[in-house]
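Enquirer: If you scroll down you'll find the structure; I have some questions about it.
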Amino acid sequence: MEAKIDELINNDPVWSSQNESLISKPYNHILLKPGKNFRLNLIVQINRVMNLPKDQLAIVSQIVELLHNSSLLIDDIEDNAPLRRGQTTSHLIFGVPSTINTANYMYFRAMQLVSQLTTKEPLYHNLITIFNEELINLHRGQGLDIYWRDFLPEIIPTQEMYLNMVMNKTGGLFRLTLRLMEALSPSSHHGHSLVPFINLLGIIYQIRDDYLNLKDFQMSSEKGFAEDITEGKLSFPIVHALNFTKTKGQTEQHNEILRILLLRTSDKDIKLKLIQILEFDTNSLAYTKNFINQLVNMIKNDNENKYLPDLASHSDTATNLHDELLYIIDHLSEL
């Protein structure tokens, strides 16, 4: 017995592919129905400026996919979501403890991949710093979003507070992707950092998601009808409605919005009532749609290349890349 213990403690921990398969089940479940690959398509387009070699690009893509899908596992637990991509969420199949552990495990698997991006110590240190900074930002934003929801009506965020939260929550993974690529890029001819562009893209992405959750049938089939209301989420239209009714002194409507959010209801009729308030009483859905279009136009009308890559000396590349990026933006503005 002592010999076996001695052998055990003098070697690395034993791990098998069978063990790996077991603890990866919640993660593999979410992969059964892939997402729309928006982030991977964006990486491919941005790499037309960054010019990362294929091996590095593949690793960055893998890091992003691991982080994105793992964050969805945690999101679904935090939101008590029944559906993800039209199928039962992982935590309802494998349990909350296993799903949390798997998601956290995949975060560290993603961190482990960073070491494969370079053998140069200063660059590796920079990449790990970027990784840590943006995961911290992501959790800060997610934490605020949850706090506002779970302790409503203690804090009713303003639009500015909401946008700052999204810069952390949604912007974190967008920025992590871009900053890794910029740090690794052998090219410098794009003229300026694309972080402002990616920040704006992240804001558009999140507000559009908030809007479609209340309006889009396809999203209803994948996540459940107006699931943000069941969650009690302070999404962009809800934030506008609460501030609008408060400013206008519409106490009855203000309290009704709060009441429905606090119900955490799955009742379709009650959720439709709140949507009607947002549609007709506070005009919050129209305001949200208009706000998205304003943000999109900041990019589409960017004649000075404040946000888009500056590729004046590479006119063919610039034209094609700008067209592709504007196509992505147009897709995000389809409501």
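Using the three backbone atoms N, Cα and C, a Cβ is placed for every residue, glycine included.
According to Swiss-Prot, the protein carries these features:
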BINDING   Lys36, Arg39, His68, Arg85  isopentenyl diphosphate binding site
BINDING   Asp75, Asp79  Mg(2+) 2 binding site
BINDING   Asp75, Asp79  Mg(2+) 1 binding site
BINDING   Arg84, Lys169, Thr170, Gln206, Asn213, Lys223, Lys233  dimethylallyl diphosphate binding site
SITE      Tyr107  site 'Important for determining product chain length'
Enquirer: Need one number for the dimethylallyl diphosphate-binding residues Arg84, Lys169, Thr170, Gln206, Asn213, Lys223, Lys233: the maximum pairwise CA distance in Å, whole number please.
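Expert: The span, Cα to Cα at its widest, is 20 Å.
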Enquirer: Starting from Lys223 (dimethylallyl diphosphate binding site), work out which of the recorded positions listed here (Arg39, His68, Asp79, Tyr107) have their Cα within 10 Å, and give them in sequence order.
Expert: none
Enquirer: I want the residues beyond Lys36, Arg39, His68, Arg85 whose C-beta is within 8 angstroms of the mean position of the isopentenyl diphosphate site's C-beta atoms, in chain order.
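Expert: Leaving out the recorded residues gives Pro34, Gly35, Asn37, Phe38, Asn69, Leu72.
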Enquirer: I'm trying to understand the geometry here, so how far is the Cα atom of Asp79 (Mg(2+) 2 binding site) from the Cα atom of Lys233 (dimethylallyl diphosphate binding site), in Å to the nearest whole number?
Expert: 9
Enquirer: With every protein chain in view, what's the tally of Cβ atoms within 10 Å of the Cβ of His68 (isopentenyl diphosphate binding site), excluding that atom itself?
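Expert: A count of 17.
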Enquirer: Compare the Cα of Arg85 (isopentenyl diphosphate binding site) against each of the binding-site residues Lys169, Asn213, Lys233 and report the nearest.
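Expert: Considering only the listed binding-site residues, the nearest one is Asn213.
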Enquirer: For Arg39 (isopentenyl diphosphate binding site), what is the tally of other C-beta atoms lying within 10 angstroms of its C-beta?
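Expert: The answer is 18.
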Enquirer: DSSP three-state call for Arg84 (dimethylallyl diphosphate binding site): helix, strand or coil?
Expert: strand
Enquirer: Return the member of Lys36, His68, Arg84, Lys169, Lys233 nearest to Tyr107 (site 'Important for determining product chain length') in space, with distance defined Cα to Cα and candidates limited to these binding-site residues.
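Expert: Closest by Cα distance to Tyr107 (site 'Important for determining product chain length') among the binding-site residues Lys36, His68, Arg84, Lys169, Lys233: His68.
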Enquirer: Consider the binding-site residues Lys36, Arg39, His68, Asp75 and say which one has the Cα lying nearest the Cα of Lys233 (dimethylallyl diphosphate binding site).
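Expert: Sorting the binding-site residues by distance from Lys233 (dimethylallyl diphosphate binding site), the top entry is Asp75.
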Enquirer: Tell me, if you would, which residue among Lys36, Arg84, Lys169, Lys223 (binding-site residues) has the fewest other CB atoms within 10 Å in the structure shown?
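Expert: Each of the binding-site residues Lys36, Arg84, Lys169, Lys223 was scored; lowest Cβ tally within 10 Å is Lys36.
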Enquirer: Quick one: pull the CA-CA distance for Arg39 (isopentenyl diphosphate binding site) versus Arg84 (dimethylallyl diphosphate binding site), whole Å only.
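Expert: Their Cα atoms are separated by 17 Å.
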Enquirer: Looking at isopentenyl diphosphate and its recorded binding residues Lys36, Arg39, His68, Arg85, figure out the farthest C-alpha pair and report it in angstrom, whole number.
Expert: 16
